[in-house]
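These come from Swiss-Prot:
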TRANSIT   1-27  transit peptide
BINDING   35, 36, 37, 38, 63, 85, 111, 141  S-adenosyl-L-methionine binding site
């Protein structure tokens with residue numbers, strides 16, 4: 001569990017409240033960007049405390065919006081705060097915070113999904129992967145629309161040790177829809193167990209810190225929000241390429257209500273599906289009647305290890321996509337029907 005940090009000695013001078021900032025700059029949450037503002041500084045302070053000590057830490061905040069969490073971070077005795085904001089409407093309010101904290105806040109107008117953070121912080125804070133985490137922390141109240149693709153992107157970055165993880169095992173404290181937060185931490189056998197559970201837990205220690213009621217946000221979302229802490233593991237629990245693990249996990253969970261052999265079969269071309277699926281399950285020592293939600297990380301490790309060997313034996317296997325095979329069969333069927341019609345059959 002992340003140790004609770006204390007807010008530091010540096011304090012921002014008196015400033016307009018977040019609500020006043022919103023009114024001053026005529027800000028409205030953009031529905032198409034799934035924006036929701038957290039105005040209660042007691043809650044933003046709690047997020048920062050739960051992140052652990054941020055003293056002398058370089059913080060990367062994603063989606064700062066009007067600057068609620070930004071203020072709490074600036075009061076946490078940090079080394080520097082880098083914020084990346086896509087919506088230009090928020091830049092003037094963030095600039096006001098930057099002026100109030102000289103040398104502490106750096107603002108980038110950009111998209112967090114494409115922003116390159118590898119050179120944003122000093123090289124001397126980098127740590128070896130096996131060492132303690134670096135003095136870098138990612139914090140963010142993520143827009144619902146980007147939270148899942150963003151965490152998947154960062155999980156792949158962890159596996160490759162690039163992006164924000166070029167500095168080492170960078171910690172993350174992030175908000176998600178409560179349902180997504182529950183999936184991230186879901187244990188074997190729970191109904192929330194999903195693709196996201198496996199992808200996060202094979203690479204990180206994941207903890208659901210606390211839940212923020214939806215009514216705390218403006219505008220009020222239809223769901224509550226979970227605050228989640230992720231710490232990259234020194235050694236992943238599945239030592240295979242990220243794309244391979246992702247393919248196996250995706251195929252299994254696309255038929256989450258079926259027995260696991262149903263989804264695993266989609267890893268193989270139809271002509272060899274029955275035989276290859278049986279071989280995969282036998283070599284991995286997996287009961288074919290287990291449901292996807294009842295497969296443990298060790299089960300997935302075995303499946304990925306065996307599938308990797310099968311891909312090594314057949315170099316074309318990994319590129320196989322059962323949906324493409326279905327499309328080709330459909331096209332051939334349509335062509336056959338067309339030929340029949342042209343001959344008057």
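The chain as shown is numbered from 1 upward.
Quick reminder: no glycine exception, Cβ is built from N, Cα and C everywhere.
Remember, predicted model here, so these are calculated numbers, not experimental data.
With the fewest other Cβ atoms inside 10 Å of its Cβ, the least crowded of the binding-site residues 36, 141 in this structure is 36. Neighbour density at the Cβ, taken as the number of other Cβ atoms within 10 Å, is lowest among the binding-site residues 85, 111 for 111. In the three-state DSSP scheme, residue 36 (S-adenosyl-L-methionine binding site) is classed as coil.
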